[in-house]
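S.K.: What TrEMBL records for this protein is below:
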- 1-12: compositional bias 'Polar residues' (COMPBIAS)
- 1-100: region 'Disordered' (REGION)
- 28-37: compositional bias 'Low complexity' (COMPBIAS)
- 56-72: compositional bias 'Basic and acidic residues' (COMPBIAS)
- 62-125: domain 'BZIP' (DOMAIN)
- 130-150: region 'Disordered' (REGION)
- 136-150: compositional bias 'Low complexity' (COMPBIAS)
Amino acid sequence: MSKISQHNSTPGVNGISVIHTQAHASGLQQVPQLVPAGPGGGGKAVPPSKQSKKSSPMDRNSDEYRQRRERNNMAVKKSRLKSKQKAQDTLQRVNQLKEENERLEAKIKLLTKELSVLKDLFLEHAHNLADNVQPSSTENTTTNSDNAGQ
(Lines of atoms letter the chains of each structure in order from A and count residues from 1; the text may use other names and numbers.)
(Lines give C-alpha, C1' and ligand atoms only; values in the text may rest on other atoms or scores of the structure.)
Protein backbone atom coordinates (compact mmCIF):
# COMPACT_ATOMS: atom_id res chain seq x y z
CA MET A 1 0.00 0.00 0.00
CA SER A 2 1.40 3.33 -0.94
CA LYS A 3 0.81 6.45 1.13
CA ILE A 4 0.50 9.76 -0.60
CA SER A 5 0.16 12.77 1.70
CA GLN A 6 -0.72 16.23 0.69
CA HIS A 7 -0.40 19.22 3.04
CA ASN A 8 -2.32 22.42 2.50
CA SER A 9 -1.75 25.35 4.84
CA THR A 10 -4.47 27.97 5.16
CA PRO A 11 -4.20 31.12 7.25
CA GLY A 12 -6.46 30.92 10.29
CA VAL A 13 -7.63 33.20 13.06
CA ASN A 14 -5.34 34.90 15.59
CA GLY A 15 -2.11 34.11 13.74
CA ILE A 16 -2.67 30.33 13.65
CA SER A 17 -2.59 28.39 10.44
CA VAL A 18 -4.51 25.18 9.94
CA ILE A 19 -2.74 22.40 8.12
CA HIS A 20 -5.11 20.12 6.25
CA THR A 21 -3.68 16.71 5.47
CA GLN A 22 -5.14 14.21 3.11
CA ALA A 23 -3.98 10.64 3.08
CA HIS A 24 -4.66 8.76 -0.12
CA ALA A 25 -5.00 5.03 -0.47
CA SER A 26 -4.81 4.38 3.28
CA GLY A 27 -8.46 5.01 4.04
CA LEU A 28 -7.53 6.91 7.23
CA GLN A 29 -8.59 10.44 7.94
CA GLN A 30 -6.21 12.69 9.77
CA VAL A 31 -7.25 15.45 12.13
CA PRO A 32 -6.20 18.99 11.13
CA GLN A 33 -3.24 20.29 13.12
CA LEU A 34 -2.85 23.81 14.48
CA VAL A 35 0.53 25.44 14.11
CA PRO A 36 1.63 29.05 14.69
CA ALA A 37 1.53 31.12 11.51
CA GLY A 38 4.50 33.32 12.31
CA PRO A 39 7.91 32.66 13.82
CA GLY A 40 6.87 34.18 17.19
CA GLY A 41 3.75 32.07 17.33
CA GLY A 42 0.32 33.12 18.59
CA GLY A 43 -0.29 36.61 19.86
CA LYS A 44 -3.23 38.64 21.04
CA ALA A 45 -6.65 37.85 19.68
CA VAL A 46 -7.99 40.72 17.60
CA PRO A 47 -11.67 40.82 16.65
CA PRO A 48 -12.26 40.76 12.89
CA SER A 49 -14.02 44.14 13.02
CA LYS A 50 -10.91 45.84 14.38
CA GLN A 51 -8.57 44.09 11.97
CA SER A 52 -10.36 45.46 8.93
CA LYS A 53 -10.52 49.00 10.32
CA LYS A 54 -6.80 49.15 11.04
CA SER A 55 -5.86 47.76 7.65
CA SER A 56 -7.32 50.73 5.77
CA PRO A 57 -6.16 54.09 7.19
CA MET A 58 -8.35 57.02 6.23
CA ASP A 59 -7.45 60.40 4.94
CA ARG A 60 -8.55 63.06 7.43
CA ASN A 61 -9.78 65.23 4.60
CA SER A 62 -12.02 62.62 3.00
CA ASP A 63 -15.79 62.81 3.07
CA GLU A 64 -16.06 59.35 4.60
CA TYR A 65 -13.76 60.39 7.47
CA ARG A 66 -15.81 63.53 8.12
CA GLN A 67 -19.05 61.54 8.08
CA ARG A 68 -17.65 59.02 10.54
CA ARG A 69 -16.42 61.79 12.83
CA GLU A 70 -19.84 63.48 12.72
CA ARG A 71 -21.61 60.21 13.52
CA ASN A 72 -19.16 59.54 16.33
CA ASN A 73 -19.59 63.06 17.73
CA MET A 74 -23.37 62.68 17.66
CA ALA A 75 -23.11 59.31 19.40
CA VAL A 76 -20.87 60.79 22.09
CA LYS A 77 -23.27 63.70 22.66
CA LYS A 78 -26.21 61.30 22.86
CA SER A 79 -24.36 59.06 25.31
CA ARG A 80 -23.39 61.98 27.54
CA LEU A 81 -26.93 63.36 27.53
CA LYS A 82 -28.30 59.95 28.38
CA SER A 83 -25.80 59.60 31.22
CA LYS A 84 -26.64 63.08 32.53
CA GLN A 85 -30.37 62.35 32.36
CA LYS A 86 -29.88 59.08 34.23
CA ALA A 87 -27.95 60.90 36.97
CA GLN A 88 -30.72 63.52 37.25
CA ASP A 89 -33.39 60.81 37.43
CA THR A 90 -31.45 59.02 40.15
CA LEU A 91 -31.05 62.25 42.15
CA GLN A 92 -34.76 62.99 41.80
CA ARG A 93 -35.62 59.47 42.98
CA VAL A 94 -33.28 59.86 45.97
CA ASN A 95 -35.01 63.11 46.94
CA GLN A 96 -38.45 61.51 46.62
CA LEU A 97 -37.39 58.61 48.82
CA LYS A 98 -35.93 60.99 51.41
CA GLU A 99 -39.20 62.93 51.57
CA GLU A 100 -41.21 59.73 51.86
CA ASN A 101 -38.88 58.51 54.60
CA GLU A 102 -39.35 61.76 56.55
CA ARG A 103 -43.15 61.46 56.24
CA LEU A 104 -43.05 57.87 57.43
CA GLU A 105 -40.77 58.75 60.37
CA ALA A 106 -43.22 61.51 61.40
CA LYS A 107 -46.11 59.05 61.12
CA ILE A 108 -44.22 56.57 63.31
CA LYS A 109 -43.71 59.24 65.98
CA LEU A 110 -47.39 60.20 65.88
CA LEU A 111 -48.58 56.60 66.09
CA THR A 112 -46.13 55.87 68.93
CA LYS A 113 -47.51 58.83 70.92
CA GLU A 114 -51.06 57.69 70.20
CA LEU A 115 -50.24 54.16 71.32
CA SER A 116 -48.68 55.48 74.52
CA VAL A 117 -51.77 57.60 75.32
CA LEU A 118 -54.14 54.70 74.62
CA LYS A 119 -52.02 52.35 76.73
CA ASP A 120 -52.10 54.81 79.64
CA LEU A 121 -55.91 55.18 79.31
CA PHE A 122 -56.34 51.42 79.26
CA LEU A 123 -54.15 50.91 82.32
CA GLU A 124 -55.97 53.69 84.21
CA HIS A 125 -59.35 52.19 83.31
CA ALA A 126 -58.22 48.69 84.30
CA HIS A 127 -56.89 50.02 87.65
CA ASN A 128 -60.16 51.85 88.35
CA LEU A 129 -62.14 48.69 87.61
CA ALA A 130 -59.96 46.70 89.99
CA ASP A 131 -60.50 49.27 92.77
CA ASN A 132 -64.29 49.42 92.28
CA VAL A 133 -64.85 45.68 92.20
CA GLN A 134 -64.72 44.03 95.64
CA PRO A 135 -63.52 40.48 95.78
CA SER A 136 -66.38 38.02 96.44
CA SER A 137 -64.35 35.81 98.82
CA THR A 138 -63.89 38.74 101.28
CA GLU A 139 -67.62 39.41 101.34
CA ASN A 140 -68.44 35.79 102.21
CA THR A 141 -65.96 35.72 105.10
CA THR A 142 -67.34 38.84 106.75
CA THR A 143 -70.91 37.70 106.30
CA ASN A 144 -70.24 34.25 107.72
CA SER A 145 -68.47 35.63 110.79
CA ASP A 146 -71.37 37.96 111.51
CA ASN A 147 -73.86 35.05 111.24
CA ALA A 148 -71.81 32.77 113.47
CA GLY A 149 -72.00 35.21 116.38
CA GLN A 150 -75.78 35.24 116.43
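The backbone N, Cα and C atoms fix where each Cβ goes, and this holds for glycine too.
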S.K.: Averaged over the domain 'BZIP' (62-125), what pLDDT does the predicted model reach?
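M.R.: That region's mean pLDDT is 97.
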S.K.: How does the domain 'BZIP' (62-125) divide up by DSSP, counting helix, then strand, then coil residues?
M.R.: 63 helix, 0 strand, 1 coil
